[in-house]
Every structure is written in C-alpha cells, then in structure tokens.
C-alpha cells in the first residue's frame with residue numbers, strides 16, 4: 001500500500017497563510033456581527049429559571065493586555081422574551097479581543113441581557129481563572 005507524501009503547505013504556491021488573507025473567516029464575521037437575539041417566552045406567567053454556563057469566556061486585561069479566561073454563569077427568570085442561545089454564544093465570544101476589566105465585563109453582560117430581554121430577575125457570575133495567584137469572582141444581580 002503506497003501512501004502519498006504529506007505536503008508542506010509552504011511548498012504549495014497557491015497556499016496562503018492566515019496572515020496573508022485579508023478576508024475574515026465566517027466565524028469571525030458572525031462574532032463581529034453578534035447581537036443578542038430574543039424570542040417570545042413560551043410560558044409567560046410561569047416563573048421558571050434558566051441556567052446557562054459559558055465556560056470559554058475570554059477578554060484582555062486593559063492594563064497588561066494579557067488574556068483573561070472565565071466561566072460565565074447566567075441565571076435568569078424570563079418575562080416576555082428569552083435569549084436565543086447561539087446569539088448569546090456569539091455575543092460572549094465578541095469579548096475575546098476587548099480590553100475590559102473583570103468587573104466591567106460582567107456588569108456589561110448583565111446590562112446587555114437586561115436591555116435585550118428585560119428579565120424579571122437575573123444574576124451573572126464571572127468566575128475568572130487565577131492570574132498572578134489571584135482568583136476573582138464577580139457576581140451582579142438585577143431584579144424588576
């Protein structure tokens with residue numbers, strides 16, 4: 001059985017490196033365009049909790065530029081509208097290149113979700129991975 005040799009991408013004259021392409025990838029475009037989308041609550045009048053965990057949150061420290069990593073925990077009681085999950089994922093991913101503090105990022109997430117779906121109650125918790133031997137947990141709450 002013969003195997004074809006593995007081609008070195010740099011030996012292909014038509015290959016382009018990521019740095020050489022000026023067109024953004026479809027995922028980057030979706031993230032850049034990402035806005036929170038909502039839909040009607042299917043059970044208006046019934047009080048229930050929605051728990052969402054987003055374990056891949058990243059942003060950049062506004063002072064050092066180093067990346068910060070966190071798990072974002074959302075718990076909310078919807079009123080008339082519910083946040084669509086793919087839109088929420090793309091919205092969260094939009095923070096990856098932003099220079100923003102732990103405190104501001106968690107507060108901004110809460111403000112944006114409240115503006116999008118006006119829940120009866122919401123808690124947003126950012127559990128940031130330790131950096132420099134410091135572990136930070138930021139929790140904010142809003143209630144009508």
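Every residue gets a Cβ built from N, Cα and C, even glycine.
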(message) Suppose you had to name the range Swiss-Prot annotates as region 'Disordered'; which of 1-27, 28-54 would you pick?
(response) 1-27
(message) Please report the distance from the Cα of residue 85 (substrate binding site) to the Cα of residue 68 (active site, proton donor), rounded to the nearest angstrom.
(response) 23
(message) Applying a 10 Å Cβ distance cut-off over all chains shown, what neighbour count does residue 83 (substrate binding site) have?
(response) 22
(request) Can you see whether DSSP assigns residue 84 (substrate binding site) to helix, strand or coil? (result) coil
(message) At a 10 A cut-off on CB-CB distances, which of the recorded positions 68, 84, 103 has the highest count?
(response) 68
(request) Using only the Cα atoms of 83, 84, 85, 102, 103, which the record gives as binding substrate, return the largest interatomic distance in Å, rounded to a whole number. (result) 24
